[in-house]
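Reading through the C-alpha coordinates given below for one structure.
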Amino acid sequence: MTLIVTGAAGFIGANIVKALNERGESRIIAVDNLTRADKFRNLVDCEIDDYLDKTEFVERFARGDFGKVRAVFHEGACSDTMETDGRYMMDNNFRYSRAVLDACLAQGAQFLYASSAAIYGGSTRFVEEREVEAPLNVYGYSKFLFDQVIRRVLPSARSQIAGFRYFNVYGPRETHKGRMASVAFHNFNQFRAEGKVKLFGEYNGYAPGEQTRDFVSVEDVAKVNLFFFDHPEKSGIFNLGTGRAQPFNDIASTVVNTLRALDNLPPLTLAQQVEQGLIEYVAFPDALRGKYQCFTQADQTKLRAAGYDAPFLTVQEGVDRYVRWLSGQV
(Lines of atoms letter the chains of each structure in order from A and count residues from 1; the text may use other names and numbers.)
(Lines give C-alpha, C1' and ligand atoms only; values in the text may rest on other atoms or scores of the structure.)
Protein backbone atom coordinates (compact mmCIF):
# COMPACT_ATOMS: atom_id res chain seq x y z
CA MET A 1 0.00 0.00 0.00
CA THR A 2 1.02 3.57 -0.64
CA LEU A 3 2.40 5.95 1.98
CA ILE A 4 2.21 9.74 1.61
CA VAL A 5 4.45 12.32 3.26
CA THR A 6 3.50 15.98 2.93
CA GLY A 7 6.26 18.51 3.48
CA ALA A 8 8.47 15.66 2.28
CA ALA A 9 11.33 17.91 1.18
CA GLY A 10 11.24 19.81 4.45
CA PHE A 11 13.13 19.18 7.68
CA ILE A 12 11.02 16.64 9.55
CA GLY A 13 9.25 15.29 6.47
CA ALA A 14 12.52 14.33 4.77
CA ASN A 15 13.75 12.62 7.93
CA ILE A 16 10.54 10.58 8.05
CA VAL A 17 10.98 9.59 4.40
CA LYS A 18 14.55 8.49 5.15
CA ALA A 19 13.45 6.55 8.25
CA LEU A 20 10.77 4.78 6.19
CA ASN A 21 13.38 3.92 3.55
CA GLU A 22 15.58 2.38 6.22
CA ARG A 23 12.71 0.01 6.99
CA GLY A 24 12.39 -0.99 3.37
CA GLU A 25 9.49 1.33 2.52
CA SER A 26 9.86 3.08 -0.83
CA ARG A 27 6.31 3.20 -2.17
CA ILE A 28 6.09 6.77 -0.97
CA ILE A 29 4.43 9.77 -2.60
CA ALA A 30 6.34 12.90 -1.63
CA VAL A 31 4.24 16.07 -1.52
CA ASP A 32 5.75 19.53 -1.19
CA ASN A 33 6.10 23.00 -2.67
CA LEU A 34 9.48 23.37 -4.33
CA THR A 35 9.17 27.07 -5.07
CA ARG A 36 12.13 27.16 -2.69
CA ALA A 37 14.01 24.78 -4.98
CA ASP A 38 17.03 24.05 -2.77
CA LYS A 39 14.87 21.81 -0.57
CA PHE A 40 15.19 19.07 -3.20
CA ARG A 41 18.59 18.23 -1.69
CA ASN A 42 16.83 16.73 1.33
CA LEU A 43 15.44 13.97 -0.87
CA VAL A 44 18.48 13.18 -3.01
CA ASP A 45 19.47 10.17 -0.88
CA CYS A 46 15.86 9.03 -0.39
CA GLU A 47 13.78 6.58 -2.41
CA ILE A 48 10.29 7.72 -3.38
CA ASP A 49 7.70 6.45 -5.85
CA ASP A 50 6.35 9.81 -6.99
CA TYR A 51 6.43 13.55 -6.31
CA LEU A 52 3.43 15.90 -6.32
CA ASP A 53 3.08 19.61 -5.78
CA LYS A 54 0.88 20.44 -2.79
CA THR A 55 -1.53 22.38 -5.01
CA GLU A 56 -2.67 19.25 -6.86
CA PHE A 57 -2.33 16.70 -4.05
CA VAL A 58 -5.51 17.13 -1.99
CA GLU A 59 -7.92 17.02 -4.92
CA ARG A 60 -6.28 13.92 -6.38
CA PHE A 61 -6.08 12.19 -3.00
CA ALA A 62 -9.76 12.89 -2.26
CA ARG A 63 -10.64 11.55 -5.72
CA GLY A 64 -8.88 8.26 -4.97
CA ASP A 65 -6.18 8.62 -7.61
CA PHE A 66 -3.55 6.86 -5.48
CA GLY A 67 -5.43 3.65 -4.78
CA LYS A 68 -5.24 2.23 -1.27
CA VAL A 69 -3.29 4.62 0.95
CA ARG A 70 -2.18 3.15 4.27
CA ALA A 71 -1.00 6.35 5.97
CA VAL A 72 -0.37 10.05 5.51
CA PHE A 73 2.41 11.73 7.46
CA HIS A 74 1.27 15.36 7.28
CA GLU A 75 4.37 17.48 7.95
CA GLY A 76 3.73 20.22 5.41
CA ALA A 77 3.11 23.68 6.86
CA CYS A 78 4.45 27.19 7.15
CA SER A 79 6.69 26.86 10.22
CA ASP A 80 7.94 30.45 10.37
CA THR A 81 6.80 31.67 13.78
CA MET A 82 7.60 35.25 12.68
CA GLU A 83 5.18 35.16 9.73
CA THR A 84 2.56 37.89 10.17
CA ASP A 85 0.32 37.16 7.17
CA GLY A 86 -2.54 35.50 9.01
CA ARG A 87 -4.52 34.64 5.87
CA TYR A 88 -1.53 32.83 4.38
CA MET A 89 -0.81 31.02 7.66
CA MET A 90 -4.39 29.86 8.19
CA ASP A 91 -4.73 28.71 4.59
CA ASN A 92 -1.52 26.66 4.74
CA ASN A 93 -1.68 25.31 8.27
CA PHE A 94 -5.39 25.09 9.02
CA ARG A 95 -7.52 24.86 5.86
CA TYR A 96 -5.07 22.64 3.99
CA SER A 97 -4.70 20.35 7.02
CA ARG A 98 -8.48 20.01 7.31
CA ALA A 99 -8.69 18.96 3.68
CA VAL A 100 -6.00 16.29 4.16
CA LEU A 101 -7.71 15.08 7.33
CA ASP A 102 -11.09 14.81 5.60
CA ALA A 103 -9.59 12.74 2.77
CA CYS A 104 -7.87 10.42 5.26
CA LEU A 105 -11.08 9.88 7.21
CA ALA A 106 -13.05 9.20 4.02
CA GLN A 107 -10.52 6.59 2.86
CA GLY A 108 -9.66 5.07 6.23
CA ALA A 109 -6.00 6.09 6.02
CA GLN A 110 -3.90 6.65 9.13
CA PHE A 111 -3.35 10.38 9.70
CA LEU A 112 -0.17 11.32 11.58
CA TYR A 113 0.42 15.05 11.70
CA ALA A 114 2.70 17.79 12.98
CA SER A 115 1.28 19.92 15.75
CA SER A 116 3.52 22.25 17.77
CA ALA A 117 4.52 23.21 21.29
CA ALA A 118 3.94 26.80 20.12
CA ILE A 119 0.34 26.10 21.14
CA TYR A 120 1.39 26.54 24.78
CA GLY A 121 2.59 30.11 24.23
CA GLY A 122 3.69 31.64 27.52
CA SER A 123 2.38 28.80 29.67
CA THR A 124 4.66 27.24 32.29
CA ARG A 125 2.82 23.90 32.06
CA PHE A 126 3.21 21.77 28.97
CA VAL A 127 0.49 19.16 29.16
CA GLU A 128 -2.04 18.34 26.45
CA GLU A 129 -4.96 20.13 28.10
CA ARG A 130 -7.08 22.97 26.73
CA GLU A 131 -6.71 25.21 29.79
CA VAL A 132 -2.92 25.63 29.37
CA GLU A 133 -3.03 26.38 25.63
CA ALA A 134 -2.51 30.06 24.83
CA PRO A 135 -0.60 30.65 21.57
CA LEU A 136 1.27 33.93 21.22
CA ASN A 137 1.42 34.18 17.41
CA VAL A 138 -0.65 33.25 14.38
CA TYR A 139 1.54 30.21 13.70
CA GLY A 140 0.72 28.82 17.14
CA TYR A 141 -2.93 29.74 16.66
CA SER A 142 -3.14 27.88 13.33
CA LYS A 143 -1.83 24.74 15.04
CA PHE A 144 -4.04 25.28 18.08
CA LEU A 145 -7.18 25.64 15.99
CA PHE A 146 -6.48 22.45 14.06
CA ASP A 147 -5.92 20.54 17.31
CA GLN A 148 -9.38 21.69 18.43
CA VAL A 149 -10.83 20.18 15.25
CA ILE A 150 -9.01 16.93 16.01
CA ARG A 151 -10.45 16.83 19.52
CA ARG A 152 -13.97 17.09 18.09
CA VAL A 153 -13.37 14.46 15.41
CA LEU A 154 -11.50 11.84 17.46
CA PRO A 155 -14.47 10.27 19.27
CA SER A 156 -16.14 9.28 16.00
CA ALA A 157 -13.04 8.62 13.85
CA ARG A 158 -12.74 5.07 12.51
CA SER A 159 -9.09 5.39 11.53
CA GLN A 160 -6.02 6.59 13.40
CA ILE A 161 -5.42 10.26 14.09
CA ALA A 162 -2.17 11.03 15.90
CA GLY A 163 -0.85 14.55 16.39
CA PHE A 164 2.58 15.42 17.74
CA ARG A 165 3.39 18.67 19.49
CA TYR A 166 7.01 19.09 18.48
CA PHE A 167 9.22 20.98 20.91
CA ASN A 168 12.62 22.40 19.79
CA VAL A 169 13.69 19.98 17.07
CA TYR A 170 17.23 19.92 15.70
CA GLY A 171 19.14 17.67 13.34
CA PRO A 172 20.03 16.88 9.73
CA ARG A 173 18.15 18.31 6.73
CA GLU A 174 17.23 21.70 8.21
CA THR A 175 19.70 23.88 6.27
CA HIS A 176 16.97 25.38 4.05
CA LYS A 177 15.11 26.77 7.08
CA GLY A 178 17.41 29.79 7.40
CA ARG A 179 16.60 31.88 10.47
CA MET A 180 14.11 29.23 11.64
CA ALA A 181 16.77 26.50 11.80
CA SER A 182 17.75 25.18 15.22
CA VAL A 183 20.07 26.81 17.74
CA ALA A 184 22.50 23.92 17.22
CA PHE A 185 22.67 24.68 13.49
CA HIS A 186 23.29 28.38 14.07
CA ASN A 187 25.85 27.74 16.82
CA PHE A 188 27.76 25.41 14.50
CA ASN A 189 27.89 27.95 11.67
CA GLN A 190 28.74 30.85 13.96
CA PHE A 191 31.63 28.99 15.55
CA ARG A 192 33.03 28.00 12.15
CA ALA A 193 32.74 31.59 10.89
CA GLU A 194 33.81 33.54 14.00
CA GLY A 195 35.54 31.05 16.28
CA LYS A 196 32.97 31.64 19.03
CA VAL A 197 29.31 31.17 19.89
CA LYS A 198 27.16 34.06 21.14
CA LEU A 199 24.35 33.49 23.65
CA PHE A 200 21.94 35.77 25.47
CA GLY A 201 23.10 37.07 28.83
CA GLU A 202 21.12 37.22 32.06
CA TYR A 203 17.36 37.66 31.70
CA ASN A 204 14.31 37.19 33.89
CA GLY A 205 16.24 35.59 36.72
CA TYR A 206 18.15 33.19 34.47
CA ALA A 207 21.95 33.38 34.45
CA PRO A 208 23.74 33.94 31.11
CA GLY A 209 23.00 31.09 28.70
CA GLU A 210 20.85 29.31 31.27
CA GLN A 211 17.49 29.92 29.61
CA THR A 212 16.21 26.42 28.85
CA ARG A 213 14.31 24.53 26.17
CA ASP A 214 13.26 20.97 25.55
CA PHE A 215 15.64 20.24 22.67
CA VAL A 216 14.69 17.04 20.81
CA SER A 217 16.64 15.30 18.05
CA VAL A 218 14.86 14.76 14.75
CA GLU A 219 16.00 11.13 15.05
CA ASP A 220 13.66 10.74 18.01
CA VAL A 221 10.89 12.64 16.24
CA ALA A 222 11.03 10.16 13.35
CA LYS A 223 11.09 7.19 15.75
CA VAL A 224 7.96 8.37 17.55
CA ASN A 225 6.14 8.88 14.25
CA LEU A 226 7.03 5.35 13.15
CA PHE A 227 5.97 3.89 16.50
CA PHE A 228 2.46 5.26 16.00
CA PHE A 229 2.52 4.21 12.35
CA ASP A 230 3.12 0.66 13.63
CA HIS A 231 0.26 1.00 16.14
CA PRO A 232 -2.75 2.28 14.18
CA GLU A 233 -5.00 1.58 17.16
CA LYS A 234 -3.40 4.45 19.10
CA SER A 235 -4.85 7.92 18.54
CA GLY A 236 -4.63 11.28 20.28
CA ILE A 237 -2.54 14.43 20.61
CA PHE A 238 0.87 13.90 22.17
CA ASN A 239 3.78 16.07 23.29
CA LEU A 240 6.96 15.13 21.44
CA GLY A 241 9.93 16.29 23.47
CA THR A 242 12.53 14.67 25.68
CA GLY A 243 10.87 15.66 28.94
CA ARG A 244 14.18 17.33 29.86
CA ALA A 245 14.74 21.09 29.82
CA GLN A 246 18.38 21.85 29.04
CA PRO A 247 20.08 25.26 28.87
CA PHE A 248 21.39 26.92 25.74
CA ASN A 249 24.82 26.63 27.37
CA ASP A 250 24.60 22.85 26.87
CA ILE A 251 24.00 23.26 23.13
CA ALA A 252 26.84 25.76 22.67
CA SER A 253 29.30 23.83 24.82
CA THR A 254 28.59 20.58 22.98
CA VAL A 255 29.01 22.27 19.60
CA VAL A 256 32.36 23.73 20.67
CA ASN A 257 33.68 20.49 22.16
CA THR A 258 32.58 18.35 19.22
CA LEU A 259 34.32 20.66 16.76
CA ARG A 260 37.39 20.62 18.99
CA ALA A 261 37.32 16.82 19.02
CA LEU A 262 37.21 16.79 15.22
CA ASP A 263 40.38 18.92 15.32
CA ASN A 264 41.96 16.49 17.83
CA LEU A 265 41.73 19.02 20.65
CA PRO A 266 40.71 18.10 24.22
CA PRO A 267 37.28 19.03 25.61
CA LEU A 268 36.86 22.11 27.78
CA THR A 269 34.45 22.83 30.59
CA LEU A 270 31.86 25.55 30.06
CA ALA A 271 33.83 27.85 32.36
CA GLN A 272 36.98 27.29 30.31
CA GLN A 273 35.12 27.94 27.06
CA VAL A 274 33.80 31.24 28.43
CA GLU A 275 37.21 32.20 29.81
CA GLN A 276 38.87 31.54 26.45
CA GLY A 277 36.22 33.54 24.57
CA LEU A 278 34.78 30.53 22.76
CA ILE A 279 31.36 31.31 24.23
CA GLU A 280 30.36 34.95 24.58
CA TYR A 281 27.27 36.39 26.25
CA VAL A 282 25.51 39.40 24.73
CA ALA A 283 22.92 41.70 26.27
CA PHE A 284 19.38 40.39 26.07
CA PRO A 285 17.64 42.36 23.28
CA ASP A 286 14.95 44.81 24.31
CA ALA A 287 12.77 43.68 21.40
CA LEU A 288 12.36 40.24 22.97
CA ARG A 289 11.62 41.31 26.52
CA GLY A 290 8.24 40.02 27.59
CA LYS A 291 7.95 37.84 24.46
CA TYR A 292 10.57 35.21 25.21
CA GLN A 293 10.07 31.77 26.73
CA CYS A 294 12.82 31.02 29.24
CA PHE A 295 11.60 27.47 29.91
CA THR A 296 9.91 24.66 27.97
CA GLN A 297 9.68 21.00 28.95
CA ALA A 298 7.37 18.40 27.46
CA ASP A 299 5.15 16.45 29.81
CA GLN A 300 5.58 12.91 28.46
CA THR A 301 2.82 11.27 30.50
CA LYS A 302 0.45 10.68 27.56
CA LEU A 303 3.24 9.58 25.21
CA ARG A 304 4.57 7.02 27.69
CA ALA A 305 1.04 5.84 28.52
CA ALA A 306 0.56 5.14 24.81
CA GLY A 307 3.41 2.65 25.03
CA TYR A 308 6.39 4.56 23.67
CA ASP A 309 9.17 3.58 26.06
CA ALA A 310 12.39 4.27 24.13
CA PRO A 311 14.88 6.73 25.66
CA PHE A 312 15.43 10.13 24.06
CA LEU A 313 18.85 11.50 23.13
CA THR A 314 20.26 14.14 25.47
CA VAL A 315 21.60 17.38 24.03
CA GLN A 316 25.12 16.09 24.57
CA GLU A 317 24.39 12.91 22.58
CA GLY A 318 22.18 14.35 19.86
CA VAL A 319 24.07 17.57 19.18
CA ASP A 320 27.38 15.70 19.07
CA ARG A 321 25.96 13.42 16.34
CA TYR A 322 24.48 16.38 14.50
CA VAL A 323 27.68 18.45 14.52
CA ARG A 324 29.61 15.47 13.14
CA TRP A 325 26.99 15.12 10.40
CA LEU A 326 27.16 18.85 9.59
CA SER A 327 30.96 18.71 9.48
CA GLY A 328 30.72 15.99 6.86
CA GLN A 329 28.51 18.19 4.67
CA VAL A 330 30.84 21.21 4.40
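Every residue, even glycine, has its Cβ placed from backbone N, Cα and C.
On a predicted model such as this, the values are computed, not experimentally measured, just so you know.
According to Swiss-Prot, the feature NADP(+) binding site maps to 11-12, 32-33, Lys39, Lys54, 75-79, Asn92, Lys143, Val169, Lys177. Secondary structure at Asp32 (NADP(+) binding site), as computed by DSSP, is strand.
Summarising the annotation, Swiss-Prot assigns active site, proton acceptor to Tyr139 (among others) and lists sequence analysis as the type of evidence. Tyr139 (active site, proton acceptor) falls within a helix when secondary structure is assigned with DSSP.
Around the Cβ of Asn168 (substrate binding site), the number of neighbouring Cβ atoms within 10 Å comes to 20. DSSP assigns Asn168 (substrate binding site) to a strand. Summarising the annotation, Swiss-Prot assigns substrate binding site to Asn168, Arg179, His186, Phe200, Gly201, Glu202, Tyr203, Arg213, Tyr292.
Under the DSSP three-state reduction, Lys177 (NADP(+) binding site) is assigned to helix. Here Swiss-Prot flags Lys177 (among others) as active site, proton acceptor.
Mapped onto three states, the DSSP output places Phe11 (NADP(+) binding site) in helix. Within 10 Å of the C-beta atom of Lys143 (NADP(+) binding site) sit 27 other C-beta atoms, taking all shown protein chains into account. A C-beta separation below 8 Å, combined with a sequence spacing of at least six in one chain, links Asp32 (NADP(+) binding site) to Thr6, Gly7, Ala8, Ala9, Gly10, Gly13, Lys39, Tyr51, Asp53, Lys54, Gly76. A Cα-Cα distance of 25 Å separates Tyr203 (substrate binding site) from Tyr139 (active site, proton acceptor).
DSSP assigns His186 (substrate binding site) to a helical segment in the three-state reduction.
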